[in-house]
Amino acid sequence: MSEPSRDAHQIPHGSKACRRLFGPVDSEQLRRDCDALMAGCVQEARERWNFDFVTETPLEGDFAWERVWGLGLPKLYLPAGPRGGRDDLGGGKRPSTSSTLLPGTAREDHLDLSLSCTLMPHSPERPEASPGAPGTSQGRKRRQTSMTDFYHSKRRLIFSKRKP
């Protein structure tokens, strides 16, 4: 085998191999571009939904916004918070409050809508059977569906010369 080239030994072993293909990064310009893009997105959403998402106030337009207090929301949408206190928004536990709320907005105005699930421990006295195993009381067994159940396949005609 040939010896390694001398150029490979010029790179110190402790340095990273990093290439800047398009020159140095201007952090200020990058921040300005991101801010301009974000402002454009906020303005587009404001015009589309007639709602100011920065100050969280409804605007005049095609939509009529009204406050929903959560009394009609199912408890599925009212997650349990770290505190045990009840909330006046829907009867569920009070959602966790975030310190990142905008200044000037009340914490009571926010309702955190998220889903939560609880894992149930497997009981050792009842072994888990496979869904298709005999003796399970699941009712009718569903079969595996395939794409041709929804889309009918078409036969393709292939014309070829016959062998003599």
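Heads up, residue numbers simply count up from 1 along the chain you see.
Placement of Cβ uses the backbone N, Cα and C atoms for every residue, glycine included.
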Candidate ranges 17-24, 41-48, 65-72 [criterion: Swiss-Prot lists as region 'Required for binding cyclins']:
17-24
Residues flagged as region 'Required for binding CDKs' in Swiss-Prot, choosing from 29-34, 53-58, 59-64:
53-58
Is it possible to list how many residues within the region 'Required for binding CDKs' (53-58) are helical, extended or coil according to DSSP?
0 helix, 2 strand, 4 coil
For T145 (phosphothreonine), just count the other CB atoms lying within 10 A of its CB, please.
8
